[in-house]
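*Asks:* To start, I am sharing the structure in question, which I have written as structure tokens.
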Amino acid sequence: MPFTLGQRWISDTESELGLGTVVALDARMVTLLFPAIGENRLYSRNDSPITRVMFNPGDTITSHEGWQLHVDKVNEENGLLSYTGTRLDTQEANVTLREVLLDSKLVFSKPQDRLFAGQIDRMDRFALRYRARKFQSEQYRMPWSGLRGQRTSLIPHQLNIAHDVGRRHAPRVLLADEVGLGKTIEAGMILHQQLLSGAAERVLIVVPETLQHQWLVEMLRRFNLRFSLFDDERYAEAQHDAYNPFETEQLVICSLDFVRRSKQRLEHLCDAEWDLMVVDEAHHLVWSEEAPSREYQAIEQLAERVPGILLLTATPEQLGMESHFARLRLLDPNRFHDFAQFVEEQQNYRPVADAVALLLAGNTLSDSELNTLGDLIGEQDIEPLLQAANSDREDAQAARQELVSMLMDRHGTSRVLFRNTRNGVKGFPKRELHTIRLPLPTQYQTAIKVSGIMGARKTAEERARDMLYPEQIYQEFEGDTGTWWNFDPRVEWLMGYLTSHRSQKVLVICAKAATALQLEQVLREREGIRAAVFHEGMSIIERDRAAAWFAEEDTGAQVLLCSEIGSEGRNFQFASNLVMFDLPFNPDLLEQRIGRLDRIGQAHDIQIHVPYLEKTAQSVLVRWYHEGLDAFEHTCPTGRTVYDSVHDELINYLAAPESTDGFDDLIKSCRQQHDALKAQLEQGRDRLLEIHSNGGEKAQALAESIEEQDDDTSLIAFSMNLFDIVGINQDDRGENLIVLTPSDHMLVPDFPGLPEDGCTITFERDVALSREDAQFITWEHPLIRNGLDLILSGDTGSSTISLLKNKALPVGTLLLELIYVVEAQAPKQLQLNRFLPATPVRLLLDKNGNNLAGQVEFESFNRQLSAVNRHTGSKLVNAVQQDVHAILQQGEAQIAKAALGLIDAARNEADEKLTAELSRLEALKAVNPNIRDDELAAIESNRQQVMDALAQAGWRLDALRLIVVTHQ
């Protein structure tokens, strides 16, 4: 094309330069000025990587003064173009804009503009863009979206609770599963769903101080949720950045004590507009009608301001009706306002629970039982269901299930309370205790005597704590020269046990980090035993490495030495041998230690070894735990209650372990109290609540569906394709592990979610569960989600040219592959993606406007095509520009019908689902006061907004590929 001064051109290789203007010419060279960056570039007149910028009628262009023109007509005179049309800001018609006055910062964003401007992408990027659109749209439509991405086993009762609660508007529930059933995981799954769907954006987690790191680790490791820990130091630091320090982060963890201590801090927390709050160990919130505790009042203040609340507690309601009521009162103060009325209501649920038990037993129902059911579900005609349930017909079981669902919907606290018990959930191992009684060394005896004389002023509790750890008493007197491990018989026993069980993995837990470190050194130096250490002084990454080394089967560590705090939040189901080098001070911590191995998914019975020194507090405690509470071999929900009731007596025995007069009687009375409480718990088991929390067959089916999805290989193929194109190196390490590292030629210099030093990934859930250092890649992982956003939010792959070698078609035949996106714009919290995610529609048009997409599948067609370099591609485009415009117009006419079909289907689905949910809850509200007015109002408002947003849905061209037939 001949050059003329004043013409506008664009660089094919440096599109960021904007529009260039021809400012000088000679026989062989042309000089372009790029005003946007104030630089000149020199190009050869022949075959340079630059493209003439020419707009067409229908385009909107911008002048260098900033106003826009809708082009009606294009004129050419002496090689220069001028555009005539309507000025958009003043609506003035027949305005002419010469090309030299076009805005130099022009960015081509429409696929067709990029194609005509010579901004042609690689063919593989176009294919990746289409796949990304397709997969993203499919993933949003999955019914279990938000439940697959976590690094957890697929346990039905957990999935059931998370699926039910995670989809609610601002859920306010009490999760009260027994110890070891995974309340933290359930809460994490609910958070993950709410954050992923946009229903929540700001989350606050309030936990006891000792559990802060456990939550931090669990949220990051299992759910890829990066929380910030707020303590006094962090709070003070953030005050420099914002008036309200809590507004500097979206996801925050802090301790209950931190919340309670300062009035100003509590006010800042209340003002920070959280969407969801999680409170762990909610049984620590003490309440009575006359005197609620400071902690309770602080959480109550927050609960009034935060729409969604998850309270977690392992304490069953039978051990304290009043405190159970207090927790429910936090969730819904209007519903739970009178304790006496609540107690009466609870007693009225007994006939409902009995009715459920009857239906589940499968026996024939008597007339009086049928009448009772009729009375309980009185507001609608259930006669046909009752007849079916009482017959031998095939649908009898289904009818009984439906009646159970109706009863559960209508009665009890089933919408606000979930509680699974070990009795109701199968799959737990047995626990076997082995106690090893060892003599107290003379060195310890002397140290204890001296300590008793010197510590006469200490309280009984301080002396009791000292007596639990004689090695520390000895070390205090001896200083750095003390080597307690040389004579402590527990060390000898441990070495003997480990050397005689070399093929077995053993978890050793002790109270203090120093003990763990000293034991590691002794085991390594004396016996060459491979031991990993795990304590609170290590970073999360160091702990991951230690855990991964312990998890390796052949070359890994035989033993993992953990301190009390260091082991929080970590589970090692692959090991079944637990050694307690010392004992913790209270039953909760004991259960927490055993809980590291005693989880669902543990394949073997757990062997618990307790080597203890006689005449120390350990010998007292081991008997009290085992004989008084049966706390080693069974979970002990009564432990805390019994411990609190005998606290002072027990402390005195621990402080002076040689004086055991009356200790047998104490053990006996504790055992009686424990048995009575346990019987009370068993008798008061709320079968109704357990059935509802467990989820039954529905939960099982959900777990199986997700497991099936785990086996889908399309994610692996897509991920590898994505990593290749983004420029991420992949190194296959075997055992289903791949190491990803950034390369020097990345699509973006800093890929979000990929650390500078890389990371190890796996696509296998089982591998991810046993290897804590490997990230579990699913469609919900930040690496994949960020990759999809990176490709789809920019123009990567939005315009390309390919050659089709096909002798059945004439040379030069044109095809245009158009990828349209049908979408609706709306705030994220409306979760429009459930009904109409950005959905790609593919058209493959020939010159006559025939759509061949139905006959020609994308992947097989893509394999037949070959790439064209950018320079040749630009020439091809210029030669067929008019034809492409004509085909594009035919595409616009055809997409409307397909898009409107998708939009109508989405509107019908949304209307049906949201109206059905609203009607169901409105009908139930008449008989179940646990349905909140604000929840109904939110569903109605949400339905209206969703319908309005879908009415505004539209479509746009997202990507196109020009295909030219060749015979070579």
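Glycine residues also receive a Cβ, built from the backbone N, Cα and C atoms like all the rest.
Copying in the features that Swiss-Prot gives for the protein in this structure:
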type: BINDING; residues: Asp177, Glu178, Val179, Gly180, Leu181, Gly182, Lys183, Thr184; note: ATP binding site
type: DOMAIN; residues: 164-334; note: domain 'Helicase ATP-binding'
type: DOMAIN; residues: 490-644; note: domain 'Helicase C-terminal'
type: MOTIF; residues: 280-283; note: motif 'DEAH box'
*Asks:* For the recorded ATP site, enumerate neighbouring residues of the same chain (Cβ within 8 Å of the Cβ centroid of Asp177, Glu178, Val179, Gly180, Leu181, Gly182, Lys183, Thr184, site residues themselves excluded), in sequence order.
*Replies:* Ala314, Asn420
*Asks:* Where does Thr184 (ATP binding site) sit by DSSP, helix, strand or coil?
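*Replies:* Its secondary structure by DSSP: helix.
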*Asks:* What three-state class does DSSP give Asp177 (ATP binding site)?
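*Replies:* In three-state terms, Asp177 (ATP binding site) counts as coil.
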*Asks:* If you count, for each of the binding-site residues Asp177, Glu178, the other Cβ atoms lying within 10 Å of its Cβ, which residue has the minimum?
*Replies:* Glu178
*Asks:* Calculate the per-residue pLDDT averaged over the domain 'Helicase ATP-binding' (164-334) and state the result as an integer.
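*Replies:* Averaging the confidence scores along the domain 'Helicase ATP-binding' (164-334) gives 89.
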*Asks:* Using a 10 Å cut-off, grab the number of neighbouring Cβ atoms around the Cβ of Thr184 (ATP binding site), all chains included.
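*Replies:* Result for Thr184 (ATP binding site): 20 neighbouring Cβ atoms inside 10 Å.
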*Asks:* Using a Cβ cut-off under 8 Å and a sequence separation of 6 or more, which residues in the same chain sit near Gly182 (ATP binding site)?
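*Replies:* Thr152, Ile155, Gln158, Arg599, Ile600 - these are the non-local Cβ neighbours of Gly182 (ATP binding site), listed in sequence order.
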*Asks:* Looking at Cβ-Cβ distances, which residues of the chain lie under 8 angstroms from Gly180 (ATP binding site) while being 6 or more apart from it?
*Replies:* Arg422, Phe428, Glu591, Gly595, Asp598, Arg599, Ile600, Thr635
*Asks:* Validating a neighbour-count step here. Other CB atoms within 10 A of the CB of Leu181 (ATP binding site): how many?
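*Replies:* Cβ-Cβ neighbours of Leu181 (ATP binding site) within 10 Å number 26.
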*Asks:* Would you list the DSSP helix, strand and coil counts for the residues of the motif 'DEAH box' (280-283)?
*Replies:* 2 helix, 0 strand, 2 coil
